[in-house]
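This report refers to the structure that appears directly beneath it.
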Amino acid sequence: MPVFWIVCAVLAIGVIGYGLCRSKAMKSAGGNARNLHSLPSYYGANAFLFSVVAPLALLFAWLIFVPILIDRSIGATIPEDRIAEGSSLGLMMADVSRVSNGLNLAVSEGAMTEEESRSIRTEFTDVRERLASVGVALGSNVDATILQAAQKHRAASDRSRLFMSIAVIALSLAGLALAMSRTKADFRARNTVEAAVKVMLIAAASVAILTTLGIVLSLLFNTIEFFRIWPATDFFFNTTWSPSFGDTGSELGLAPLLWGTFYISIVALAVAVPVGLFAAIYLAEYASPKVRAFAKPLLEILAGIPTIVYGLFALLTVGPLLVSFFGDGGTFGVEWMRGGTAVMTAGLVMGVMLIPFVSSLSDDIINAVPQAMRDGSLGIGATKSETIRQVVLPAALPGIVGAILLAASRAIGETMIVVMGAGAAAKLSLNPFEAMTTVTAKIVSQLTGDSDFASPQALVAFALGMSLFVITLALNVLALYIVRRYREQYD
Amino acid sequence: MDDLRSVERIVSDDEKTKISAKNVQVYYGDTHAIRDVDVEIADKTVTAFIGPSGCGKSTFLRCLNRMNDTIDICRVEGDIRIDGEDIYDKRVDPVQLRAKVGMVFQKPNPFPKSIYDNVAYGPRIHGLAHSKAELDEIVEKSLRRGAIWNEVKDRLDAPGTGLSGGQQQRLCIARAVATEPEVLLMDEPCSALDPIATAQVEELIDELRQSYSVVIVTHSMQQAARVSQRTAFFHLGNLVEFGETGQIFTNPTDERTESYISGRIG
Ligand SMILES: Nc1ncnc2c1ncn2[C@@H]1O[C@H](COP(=O)(O)OP(=O)(O)O)[C@@H](O)[C@H]1O
Ligand SMILES: [Mg+2]
């Protein structure tokens, strides 16, 4: 029975259970819902949970783990000496499961009878050709060992499928029966449902955390892999970045990329922090409600623009504009800038991107400063701007610093604007009008090349990613610490 | 004990008027919050505003230092003079006025700064001190006036927000006093305090009367009776009765005052 139908059957049992238990509860209370411990629908929901949750969990676990077990037991039956030269058990098992799936497909498409699929032998049939006719492409000819293993594999899978269907549906029915037997007027169905809701919420929270953990672990393992084949001292202390995809001559120094990242981020923050903060102060303290209702969403729209659009803006507008000022024959008569792509270009545009980020967070934080604080200052005879500078901002400062650090970690992680605005040259230079590049941009270029995934030139991307992760994590932790540390000051 | 106090409470007839308000109207948008209020507040006395909540005591108090200007929808009409000068005149800078008319709020609102900086805030803004020594002196004098010097003299650098509620309120009074105001407005200064802290603040108010004209809003009639020489009773935005505290409490002329005092309204 296909998985889809098993799920449907389980859900159907759940729905039937809902109805049954609900009416049984009502009956046991003599038709008066007041005699029940919980509302009738809770008894129904309880039955639904009993007959759905555990069976679906079983189904899920079965689908994940049993194929692994089958693979392992079939693999064990292949004799060592049958493994072809230059191949491995893993590769053979991949072939086995491909042939096994191919046979399935052939049967379901009618190209082969069930009987035939079980009995064909390589001696009499060209299996590769037969399978190719239903669209299953095999790399090499199917030899007898593989075909036999595949047939065994198929039989075992079929059997497992059957057992799985029976087990899941039986479990579901058992759950229903249990729920039925427990449904009585004084059964605390509401509490059971409440507990189930809590478990569901915990599960949702765990998904996010576990995914993060998974991402970190995969980064970590690949990073370790990289440092196994590349000296860490070279990665951290070499000041040149010039990967060549040949075997020799690669230099993979982190420093120029990190410097580019920081330089561009600093330019971006130098734009975003003052502008964003002043905008927030205006919105929170001076703007009339009408202006605020209109200007705040407008500013936040900036945050919704995809970064690629900012990248285009950098490439097509800001870059050429800067060149016309600072480039050869430009307005200022200096020749600082040779091309449109530069730290300045990317930094300015990224700063614009971060303005709503800073302003929106700061605005919320400034608004959270109690009005009593402002009244106290105004009541002493301070002007509005004195009040803001000396009372409101100091009170809001921890939150604002947090907002700035969060903006900084966004700046550090930004890629698109850098690729389009800052160029691709890894350089250690102080000139902000020169092209530079960042860690993120290089991660992209290292992984999108044609290189072998196991080469240091590709693996270095994970080390770069890990470095970036550690830096932004540290920034975020610092931001949280600052916000927490000073928060209770005016609570 | 109350009787002893009322003996102390002698209001001389030749006292001079500090604030005079005539025909004051206040509107919040379309709501008419204060109607036709006439009040004369004497110098160096404590005047209490009492009345059920929502009757406009705070609103009227905030007219006296133009704090209502900070509320967009609020509009004040009428004639309010301090020392004969119209405070709603175009030439009067409300910021300057508020330095002269200090205010203490219902909830203690120390700034998230050190105790010293809290008190020094006003003097610094108005440039009252020319040297650090002079500022130190002002801070100490104000904290003494606020009857809190002994409790905080060893920890002037500690944050003002770390004090207890009663201490915070006395710190706020010290902060208001530090700018050398002539009038001190207090909007229910004890409503967030426990009885002991309340007694301390009340004692302080009685001392402050030596130097300032104090206007205090309170919802506690006992408090009004204890600390004030004059009492104004507000009801639904009207000033119902205004007179000597003893007379208001023992022999009110208006029946609404009598009902309120005997606990039948509010
Ligand atoms: N900021 C405001 N905006 C609109 N209406 C207000 C505002 N402040 C007070 N009011 C209204 O003005 C009236 C008087 O309020 P208030 O002066 O605070 O009363 P009290 O201090 O005597 O309790 C109340 O009806 C109140 O709803
Ligand atoms: Mg009030």
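Any Cβ shown, glycine's included, is placed from N, Cα and C.
Annotations in TrEMBL come from automatic prediction, not curation.
Going by TrEMBL, these are the annotated features:
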- A:45-70: transmembrane segment (TRANSMEM)
- A:162-179: transmembrane segment (TRANSMEM)
- A:199-221: transmembrane segment (TRANSMEM)
- A:258-479: domain 'ABC transmembrane type-1' (DOMAIN)
- A:262-284: transmembrane segment (TRANSMEM)
- A:305-327: transmembrane segment (TRANSMEM)
- A:339-358: transmembrane segment (TRANSMEM)
- A:391-412: transmembrane segment (TRANSMEM)
- A:458-483: transmembrane segment (TRANSMEM)
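The stretches the transmembrane segment (A:339-358) and the transmembrane segment (A:199-221) are not in mutual contact, being linked by fewer than three Cβ pairs under 8 Å (pairs 6 or more apart in sequence). Contact check: the transmembrane segment (A:391-412) against the transmembrane segment (A:262-284) gives at least three Cβ pairs closer than 8 Å, residues 6 or more apart, which meets the contact criterion.
Counted as Cβ pairs under 8 Å, contacts with the transmembrane segment (A:458-483) are highest for A:199-221 among A:162-179, A:199-221, A:305-327.
The list of residues near the transmembrane segment (A:162-179) in space but at least 6 beyond its ends in sequence, with Cβ under 8 angstroms from a Cβ of it, reads 1, 6, 9-10, 13-14, 16-17, 20-21, 46-47, 50-56, 58-59, 62-63, 66.
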